[in-house]
Number of protein chains: 2
Amino acid sequence: MSCGEFELIARYFNRVTSSRRDVEKGIGDDCALLNVPEKQTLAISTDTLVEGVHFLRDIHPADLGYKALAVNLSDLAAMGADPAWLTLALTLPEVDEAWLKAFSDSLFELLNYYDMQLIGGDTTRGPRSLTLGIHGLVPAGRALRRSGARIGDWIYVTGTLGDSAAGLALLQHHERITDPVAHEALIKRHLRPMPRILQGQALRDLASAAIDISDGLVADIGHILRASECGARLNIDALPISSVLLEHFDHAQAVRWALSGGEDYELCFTVPEINRGALDVALGRLGVPYTCIGQVAPEAEGMTLWQNGEVVELNLKGFDHFDAQ
Amino acid sequence: MSCGEFELIARYFNRVTSSRRDVEKGIGDDCALLNVPEKQTLAISTDTLVEGVHFLRDIHPADLGYKALAVNLSDLAAMGADPAWLTLALTLPEVDEAWLKAFSDSLFELLNYYDMQLIGGDTTRGPRSLTLGIHGLVPAGRALRRSGARIGDWIYVTGTLGDSAAGLALLQHHERITDPVAHEALIKRHLRPMPRILQGQALRDLASAAIDISDGLVADIGHILRASECGARLNIDALPISSVLLEHFDHAQAVRWALSGGEDYELCFTVPEINRGALDVALGRLGVPYTCIGQVAPEAEGMTLWQNGEVVELNLKGFDHFDAQ
């Protein structure tokens, strides 16, 4: 198959399906032109996904299109931002129209769900990888940050932890668990994480700090603690672990995945005691569970893990591309 | 060598050397937080550079750090925008501190020159490639676009054309030309293109359309003509070709490079007759030559190349990653 680079981009990615009025010029010039509304702050994040490192070689392009955007949306969620625009740099070993169609259809489905617009990108030949640049808007002064946690604040997470790591393990080892529904549920948690956009926005005036869990709970809480100059006590018994995970895996393995498996794309956040009632009102109506798993402590204490009222030592490691591979 | 991903990023890229007050939060959270000044429009572009496709395997990291930013700056120049913020997604096969130091020193030197700030990024393991996301600001309603050319407008380019392609050919074929100063000059034009930021800004109210020459003059004028629904007559005799190129290469080869070599990163723009006097005032003081090379024609004429007052046919092709490789 031979088709020019520009044509290729045009065919699959030049779709304007959003109703955004802040896009003055989208794809088709040297730059996109965007207008940020008054009293809104722009939130920008960028993430690269490399084949063999961040996604398996045999991933379905529809899953990749979804997940690439979802993990970037998760960064916006962690700031309490409202999704707006996306840039996509796509490097592909060859032009495969079936692949492009499935990938782009899936990407645009999620873009449309959030009324986002693809405003630019680049397509190049090379080893398969993607870099997304995501842009969101947040009312001035109300963005969530990692640095606001204070001693005594309560530590929460949304959803359940460890399912994504279990799903990845199943995919990597080509294993199946006996219950097909449970099997698919875990795979889906890995391939189709749900960015917690609404939860992030609901937390804007309630949480003192927030992060999304990509590297693993312990590693990501570590980022909050370093930025906030605090320690933390985490209660292992309180970790929200799904019944699927508990039924089909060893309890110790489930706990390890919950603490350090990574790619959960849930939010971890801290809430001052005074905001806990308002938190229940704000998050309670959004249909996703949230769980208090510990408390912010003085920095000198570091991060301690507690089980049955005692400190435990666990050998854990966050996912690090240059160490773990 | 073993060092964590986060530490690695911190060591080489967490430098804040700009005085920008529009950066509320730079590197170090899930997103950067930026404030766009009132009555300014945001210009965004993204470009990927892949080893073996966009840069040679043996390129010096300092040249790569410079060029990666320069080609993105060139997109801002083509819109008449003022450079502001950069995101950098870096994929590397291994952690090489000497490489990182040389690359980042060179990148920051150019960032500092334009008082830009690196606001975020991602570092991953994989085949070497870079994706930059560049953000600039342009006064509302004054951005240059590809779509404004009108029949009768004059077509100009800045600088000289074809030098970069000649430099690339020398590098690829490990050849040298006799004059070492000329040799280095051509190599430099390929490795260290000068983005025409000041020229782009000076053209804001004078040019009817603009683009930067990355794919090659003919291909890039083609983008203006398609966006503007026009044709063009280009005068080959008027092409600005450097004396170095003319002295050391066959004239026909020099012309082919000027027309379609690509990676010149000069600006090509159209100017209505009435603005030509103002153009000479605005560009004349900036120290870079600019040359009228043709005129916008009716769309039905297409693009024609003229030499000695006659239409000529040349077999030319713009650089296309999926066709030409």
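Here the Cβ of each residue, glycine as well, is placed from N, Cα and C on the backbone.
A TrEMBL annotation is a machine prediction, not a hand-curated record.
As given in TrEMBL:
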- B:D30, B:D75, B:D212: Mg(2+) 3 binding site (BINDING)
- B:D30, B:S45, B:D75: Mg(2+) 4 binding site (BINDING)
- B:T46, B:D47, B:D122: Mg(2+) 1 binding site (BINDING)
- B:D47, B:D75: Mg(2+) 2 binding site (BINDING)
- B:H54, B:E263, B:F319: substrate binding site (BINDING)
- B:G121, B:D122, B:R146, B:S214: ATP binding site (BINDING)
- B:D215: Mg(2+) 5 binding site (BINDING)
- B:28-136: domain 'PurM-like N-terminal' (DOMAIN)
- B:151-299: domain 'PurM-like C-terminal' (DOMAIN)
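Counting every protein chain shown, the Cβ of B:S214 (ATP binding site) has 22 other Cβ atoms within 10 Å. DSSP gives B:D122 (Mg(2+) 1 binding site) a strand state. Applying an under-8 Å Cβ distance to chain A, the binding-site residues B:S45, B:T46, B:S214, B:D215 reduce to B:S45, B:T46. For the domain 'PurM-like C-terminal' (B:151-299), the DSSP-based tally of helix, strand and coil residues reads 72 helix, 27 strand, 50 coil. When the binding-site residues B:D122, B:R146, B:S214 are compared by Cα distance to B:D75 (Mg(2+) 3 binding site), the shortest distance belongs to B:S214. The domain 'PurM-like C-terminal' (B:151-299) scores a mean pLDDT of 96 in the predicted structure. Put simply, B:T46 (Mg(2+) 1 binding site) is 14 Å from B:H54 (substrate binding site) when counted between their Cα atoms. Other Cβ atoms within 10 Å of the Cβ of B:E263 (substrate binding site) number 21 in total over all chains. Counting other C-beta atoms within 10 Å of each candidate's C-beta, the binding-site residues B:H54, B:R146 are led by B:R146. Mapped onto DSSP classes, the domain 'PurM-like N-terminal' (B:28-136) shows 36 helix, 44 strand, 29 coil.
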